Amino acid sequence: MSTQRLRNEDYHDYSSTDVSPEESPSEGLGSFSPGSYQRLGENSSMTWFQTLIHLLKGNIGTGLLGLPLAVKNAGLLLGPLSLLVIGIVAVHCMGILVKCAHHLCRRLNKPFLDYGDTVMYGLECSPSTWIRNHSHWGRRIVDFFLVVTQLGFCCVYFVFLADNFKQVIEAANGTTTNCNNNETVILTPTMDSRLYMLTFLPFLVLLSFIRNLRILSIFSLLANISMFVSLIMIYQFIVQRIPDPSHLPLVAPWKTYPLFFGTAIFAFEGIGVVLPLENKMKDSQKFPLILYLGMAIITVLYISLGSLGYLQFGADIKGSITLNLPNCWLYQSVKLLYSIGIFFTYALQFYVAAEIIIPAIVSRVPERFELVVDLSARTAMVCVTCVLAVLIPRLDLVISLVGSVSSSALALIIPPLLEVTTYYGEGISPLTITKDALISILGFVGFVVGTYESLWELIQPSHSDSSTNSTSAFI
């Protein structure tokens, strides 16, 4: 993020921010008052609408279409209630992160802080001398989890794009205009899905060259529109002629609940884009309202799609609800529209990881080589995500494992602990400490359960073909 500019003063042009420190308000940081929350380059900051678009795009698309199966694993009653609780807790943790960042900015006279810096400075407020002396590890840990999570999402997107386009093309000869019957068709074999991934590679590389969030908001808007249209088509189908739900269990067997929990935590992990968006917003005081509005929309979407999808297809629900739709061109287009949305989402997910890794690389080269090194590093990172998608068998489970570890840590474990360390020296109520401890324990349970389930699936060769990449658990 732009905070990296403060760490690497000799590196002038890498950031997505259009305004350099020399172009910032003439008062500089010396006029930064404790009661205000200013930022450099305010004239080039995003509007509230652009911020909302980015927030929706950063959350919708990750695990959304797998939520009906998640509700099945929890039960018709317990599933939606659990999604609501997890959504509330996740949004609360996002609010904690923003609150702590604001508080530390006022205390330290900083214009803005990213996630890693917020944790680092929060640990410096700890009553423990050992923690204060090792506070820099807080930033390193957060940056590591952010990079793993965001690049993991990017790997999944490669597989998602390849699998969906491959399915549409291979079923083209058998696809009809009759959407009343869900008929099984014989697929016409085409090239391997890995070749589809390589086909998308140059286009995603070009997309990753966009380093300005205001420009990315245009692509986010396109992604939101395409996903919005595809979701309307899905809703239009699943609300028709809903079967009698009396045979569906209100509470599923407890042995399948861990599968629900891991999927839900994965779906609600959007905390990585919160501070980057808040730091770029022109009027940051309005960000909490945008955050709660956007996450309320997302939570309602998650609960409704998960519940209605399970009600419509019952025990036959598949890993992606699109696999249950009729084989006609109308619903085949859902895959294409959603794939377009995922394509543009790649840029936003990639942005977070790039702004952590690239500044450290570019700051070590002469100024005349900065742009070349920047673009080369972006190209290499995109190629790495593509190579991982091509080479790693059962990529869905590998990403599930990474997501369970990173998402639980970033979304549920770290923010409550950050609140305790940040406010401990100023007096924090026992009730708040208890609340934060319970949330962190919940996140740790998600970490343990998600990791266990992913590892268990990875060592079970009979569950599916280990040589086939799949995103069925996520799309």
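Numbering starts at 1 and runs along the chain as it is shown here.
Backbone N, Cα and C atoms are what each Cβ position is placed from, and that goes for glycine too.
The compositional bias 'Basic and acidic residues' annotation in Swiss-Prot covers 1-15.
Here Swiss-Prot flags Cys179-Cys328 as disulfide bond.
Annotation source Swiss-Prot lists N-linked glycosylation site at Asn173 (among others), citing sequence analysis.
The feature N-linked glycosylation site is assigned by Swiss-Prot to Asn182 (among others).
The N-linked glycosylation site annotation in Swiss-Prot covers Asn469 (among others) and rests on sequence analysis.
Taken from Swiss-Prot, the feature topological domain 'Cytoplasmic' applies to 1-50 (among others), supported by sequence analysis.
Here Swiss-Prot flags 72-77 (among others) as topological domain 'Extracellular', drawing on sequence analysis. Here the topological domain 'Extracellular' (72-77) has Cβ contacts under 8 Å with residues 245, 248-252, 256-257, 259-260, 263, 307, 310-311, 315, 317 of the same chain, all six or more residues outside its ends.
According to Swiss-Prot, the feature topological domain 'Cytoplasmic' maps to 99-140 (among others), an assignment based on sequence analysis.
In the predicted model, the topological domain 'Extracellular' (162-189) has a mean pLDDT of 69. The topological domain 'Extracellular' annotation in Swiss-Prot covers 162-189 (among others), and the record cites sequence analysis as its basis.
The topological domain 'Cytoplasmic' annotation in Swiss-Prot covers 211-214 (among others) and is backed by sequence analysis.
Annotated topological domain 'Extracellular' per Swiss-Prot: 236-256 (among others), in sequence order, evidence recorded as sequence analysis. Under 8 Å from some Cβ of the topological domain 'Extracellular' (236-256) lie the Cβ atoms of residues 72-79, 305, 308-315, 321, 325-326, 331, all in the same chain and six or more residues away from its ends.
What Swiss-Prot lists as topological domain 'Cytoplasmic' is 278-288 (among others), and the listing cites sequence analysis.
Per Swiss-Prot, the feature topological domain 'Extracellular' maps to 310-341 (among others).
Taken from Swiss-Prot, the feature topological domain 'Cytoplasmic' covers 363-371 (among others).
Here Swiss-Prot flags 393-396 (among others) as topological domain 'Extracellular'.
Sequence-distant neighbours of the topological domain 'Cytoplasmic' (418-438) (same chain, 6+ residues past either end, Cβ-Cβ under 8 Å): 96-97, 99-100, 103-104, 118-119, 122-123, 125-127, 131. What Swiss-Prot records for 418-438 (among others) is topological domain 'Cytoplasmic', and it gives sequence analysis as the kind of evidence.
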Margin query: Let's see if you can do this one: DSSP helix, strand and coil counts over the topological domain 'Extracellular' (236-256), in that order.
Written below: 9 helix, 0 strand, 12 coil
